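Participant: Got a structure for you, written out below as structure tokens; questions coming shortly.
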Amino acid sequence: MSVFKGEVTSLPPDKSISHRAALIASLSDGETEIMNFSAGFDNQSTLGVLQACGIPVRQEEVPGPWGTAILRVVIKSKGLWSLTPPSAPLQCNNSGSTMRMFSGILAGQPFQSELVGDASLLKRPMRRIADPLIQMGAGVSLSPIGTAPVVITGSKDLHAIDYRLPVASAQVKSLVAFAGLHAEGETRIYEPLSSRNHTELMLGLEPRVENEERVIVVPGRRQREARPFQIPADPSAACFIVSLGLLARGSEIMIRDVCLNPTRAAFLDILIRAGAAVTIENRRTVGGESIGDILVEGTRDMEPLVISDPQEVAIAIDELPMLGVLSAFATERFELMNAGELRTKESDRIEALALNLERLGFVCHQEPGGLSVTGRKGRPSGPVVVECFDDHRIAMSFAVASKACGEDIELSDREVAGVSFPNFFSLLDALEV
């Protein structure tokens, strides 16, 4: 069995913050410098749609603080209504974040546009983005089954609304906020459960509590001055490296400068609660975001993961596939509930986990909103093909198990990891001793 040791300073920049930094830059007056922007396919899709709408974007590699190259992005804009009509459908590729959040900006522009994507994205539900935008005065049309292509007929006459999110969704919250920036009046967004709060932090919106509900108030039609952004390392990417270290006994890995925003780091709380040897060091605040270093040691057994709290599920949603695979291989047990949202991601992640774990000998039981693993009948005698379903997180989760546990796994699609973690496989190889 392999052992992994080393210091990780080349984790991908945070995907969520990179998306938002670029989108906010397109709405700000002046030149925005974004340091350590993500080079992943999804974030490049966001830059691509901005350029297609006439926003100048410049990218270059520059030396980073740890001696490795980082991506510097400069975006120029004149403010809220700087976009121009695109000459062709806006290609979001595999990025649901691009499609959903950019829709909020397009709703406030005085032209019609169409958002399209790859085969996987064209299957994902988009009806939840249409309702608030239509209420604000934009036109939105979807396919007959509520998926992309998304056609937005924007308007400079949007009006503010009070909107209660039907589910915890940072993307829908963000698109309503971006549309609200273009609207007359104050848009109020009510959250039943907290979701990642980068948009509020980056826009300087202070949440309120009214009648025990979290409310975000978005003042409309205020010009924003450009300001620089520094992107920390992506905690969702860190989860794969943390899991690698926990699965491989004797490993010791230090991961530097990771975003530890409380709405993103729930996976660490889950692991520490289960007895995993994970320590947070050098915690500090940079650009309004909590960041720090994560030390992971493969030194002791952990308890099976039981994840059921709706709030915890909501803020650990992207890490759940890796946590499920980790718990299955470490303890042959896993329990997940209240996670129906996983079925609407790049793939039906509950189905993808169950199918592939069963191929590897685990006993699984699916529910509409959950998954349980209750044991393992034995390791397969030969190689097992893991079906990735065009989903980067499914691919990387099982790649970690293969590398750390010596499982004979072949991925149906290795390249899909590049959606969020371009150097994933090279980093695993570099850490192996």
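Note: Cβ is positioned from N, Cα and C throughout, glycine not excepted.
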Participant: Per Swiss-Prot, which one of SER45, SER143, SER195 shares the 3-phosphoshikimate site with LYS15, SER16, ARG20, SER169, GLN171, ASP318, LYS345?
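Facilitator: Among the candidates, Swiss-Prot records only SER195 at this 3-phosphoshikimate site.
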Participant: Calculate the distance in Å between the alpha carbons (Cα) of GLY96 (phosphoenolpyruvate binding site) and SER169 (3-phosphoshikimate binding site), and round it to a whole number.
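Facilitator: About 12 Å separates the two Cα atoms.
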Participant: Could you tell me which of these binding-site residues, ARG124, LYS345, has the fewest other Cβ atoms within 10 Å of its Cβ?
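Facilitator: Across ARG124, LYS345, these binding-site residues, the one with fewest Cβ atoms within 10 Å is ARG124.
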Participant: Test of understanding: give the count of other CB atoms lying within 10 angstroms of the CB of SER16 (3-phosphoshikimate binding site).
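Facilitator: A 10 Å sphere around the Cβ of SER16 (3-phosphoshikimate binding site) contains 27 other Cβ atoms.
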Participant: Per the record, phosphoenolpyruvate is bound by LYS15, GLY96, ARG124, GLN171, ARG349, ARG393: how many Å separate the farthest pair of Cα atoms?
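Facilitator: The two farthest binding residues have Cα atoms 19 Å apart.
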Participant: Check each residue in the chain of SER195 (3-phosphoshikimate binding site) that is at least six apart in sequence and keep those whose C-beta is under 8 Å from its C-beta; list them in sequence order.
Facilitator: ALA168, SER169, ALA170, LYS173, THR263, ALA314, ILE315
